[in-house]
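S.K.: Just dropping this structure here.
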Amino acid sequence: MKRLAKGAIALMTAGSLILTSACGANSESSNTSGNANASAKASQVELGTLDPANPTKVTFYSYSLAYPTMKAGMEQLIQEFNDTVGKEKGVIVEGVPDATFQQYKADISAGKEVDVVQHTFNLLDSSRLGLGFKAYEDVFPQAELDEHLKGISPNALELGKIDGKMYGLAFTFSTPIVFINGKLFEEAGLDPANPPKTWDDIKKASLQIKEKTGKDGFGLSPQNGWVTEGLILSNGGRVLSEDHKQAEFANKESVDAISMWKDLYMNGASAKGTDAEVSEQFMAGNLGMYVSSTSLYSGIKKASEAGGWKVYGGALPQFGEKESIPVNSGSVLAVRPDSPEKNAAVWEFIKFVTGDRGYTIITSQIGYLPLRTGLADDPNGLKEFVEQNPLYRINLEQLSRIQPVAIWPGESATEMVTAFTDAIVKSVSTDADVEQTLKQAQDQINGMMP
Amino acid sequence: MARRSLNKTKLWRRIKPFLYLAPALILLSVWMYKPLITTFYLAFHKWNMVPGTDKKFVGLDNFDRLFHNPAFIDSIGNTVFYTAGLLPFSILIPLVLAVVTNNMNGKMKNFYRGIFFIPMILAPVSVSAIWRWLFHPSNGVVNHILLKLDLIQQPVAFFSDANFAKWIILLITGWKMIGFSVIMFSAALTGINREYYEAAAIDGATSLRQFINVTVPLMSPMIMFMLMMSILFSSQWTFAYIDILTTGGPYGTSTNIYYEMFRYAFSNLNVGFSSAAALVFFFIFGAIALLLNAVSRKLSFYDN
């Protein structure tokens, strides 16, 4: 018996030794591949040759593919690329739905090829540092870049830059607007063509809708994630300091903005629930006003036609006389090609989806803004569409006042976003003291700064 | 020559038991011991799991940050809440249901047990979708009924309200748990010798007395087993509903430690931090399991 036990222990020790040495082998081989990457980077800013007979596969991780209101448009975009440019040049793009931004992270850590990601702005720095995303200047030739980026709003190009290099090209893009249910507005004796301008007007209108129709007047979910920043900026507050090294959202202006929102949320005429629940409520025709991105427009329009009401829109409301400052929602295209052929294939895809045809599909089929703003006046582009859907004019006008959504610095960005959102939810939807809650979160986040 | 073959047989005799053990040992080391050792190793490193990147040794830093992380401390409280809250659903209610249905005739017995068991085999994702509809703030049936009965003035956003979110997660998990426990208890009930009940009835024991003095003691091994299962696995069973219905919110009030570990590793890509949390709970749950084992040996009564 004793001998058996000894044997078993010996066997297990041997087993664990083999396993540990296997781990060691792993890390060694990964080091060498890291070096290979580094040396490759220096020499290659040219594109490889593509072969139509032997097409290069590119994976594209997209959250739009996972949302019912955006899926069809995004699929059309990919399909049209594969059928035209892709077929001609030799590129096949495979779309991967990624609703929660987890799939691309999981697949990168599993060693799969993740080439193009429809990436949110706020986590871009963390991905750049940790997940091997590359600067456009490092993988695509400068001359090609300069040529292609002509005609894209310069404000928009700035949004994906970190330390002067472009880690993301603005892709699907929008500003927050107030969607209005025309029918409920009229029933409450309000004019939907003349939407509320200030937050005071919003409050008045929401109470009036509740009183006259019994339905909730206003909806903005505390978990919305990005409109919050527009609110803070509009009141003269900040989310991050100028140099992006400190969180600053507990200053007086921010606290005042959030307190205003809390008052609105608690007034008995506001919709409660998560962002998905509030948008469902609006689409069901049970909510007067709803602040969100125009990317929901195609879905909302269909719902309103089915429900027999008309959808109107207004700009992001302002505090008193101060002009409102919207932040952008949406995404950049972040890339991590690993060979000259991949560079070329990825570049073809990016040129198509951020080109004239690409933005025409994105705007008319999904609802995001055309970043090539000229398209809105181009009879071959979106002129007719914008005339039929005047909501987009509001959105295009807001572009001139837009400020970038905060890119949280360093590798702990996800934790920072969670801490910030949790603090906002707690401040707005509970009795918690706004200033104290925001201050606490700010200190916690500053403790995580790189 | 003879000596050599003797040696060979001797060697063969020594190797033989390990050959029999090999399949189990290999499986255990690949699926249990290797991850365990890796977790232990990673708990002292900082790494984002991306192939080609280095693991940085950080000593006890992960543990230090862990115990200063308010979300982690909150999640421990919630874990205790879910563990304790699940006990009625895994022990009390199923025990009663099993005993009650046991006295029914064949067809009815199977019908009722079928009903109890169905929630268990439904996929968590579809179950969550149904509960989400029921509790929807503006279109949900629950709010509709409560408003009609004048119990509330405003619809309640159950999954965004810290007072309700974790209770609903508990309710859904419990509802699914009941079916499994009923089946386990029913199986144990069929093993009880009917003569005990006849003897008790002749002595004039009421059915409640019979339940307390005959059924419960004879079921004690199964009750202890379900108690252990419930305590050790409650965190895993709540995981899917937390992920789908609340993602731990509002502001972290419905999360538990398993969900936090998942987030540290796969959302924040900080596998060292996650491993540190896993290691802490490996020891806590290990201690609970040993304790329950000891208690079970003392309290269980076997009808040999």
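From the backbone N, Cα and C atoms, a Cβ is placed for every residue, glycine too.
Any TrEMBL annotation is an automated prediction that lacks curation.
So TrEMBL has the following annotated:
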DOMAIN    B:76-292  domain 'ABC transmembrane type-1'
TRANSMEM  B:20-44  transmembrane segment
TRANSMEM  B:80-100  transmembrane segment
TRANSMEM  B:112-134  transmembrane segment
TRANSMEM  B:167-190  transmembrane segment
TRANSMEM  B:211-233  transmembrane segment
TRANSMEM  B:271-292  transmembrane segment
S.K.: With CB pairs under 8 Å as the measure, which of the listed stretches B:20-44, B:80-100, B:112-134, B:211-233, B:271-292 comes out on top against the transmembrane segment (B:167-190)?
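M.R.: Highest pair count goes to B:80-100.
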S.K.: Which stretch, B:20-44, B:80-100, B:112-134, B:271-292, tops the Cβ pairs under 8 Å count with the transmembrane segment (B:211-233)?
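M.R.: Of the candidates B:20-44, B:80-100, B:112-134, B:271-292, B:80-100 scores highest.
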S.K.: Verify whether three or more Cβ pairs under 8 angstroms connect the transmembrane segment (B:271-292) with the transmembrane segment (B:20-44), leaving out any pair fewer than 6 apart in sequence.
M.R.: yes
S.K.: Go through the chain and flag residues at least 6 beyond the ends of the transmembrane segment (B:271-292) whose CB is under 8 A from any CB in it; none is fine as an answer.
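M.R.: Result: 36, 39-40, 42-49, 55, 58, 62-63, 65-66, 72, 224, 227-228, 231-232, 257, 260-262, 264-265.
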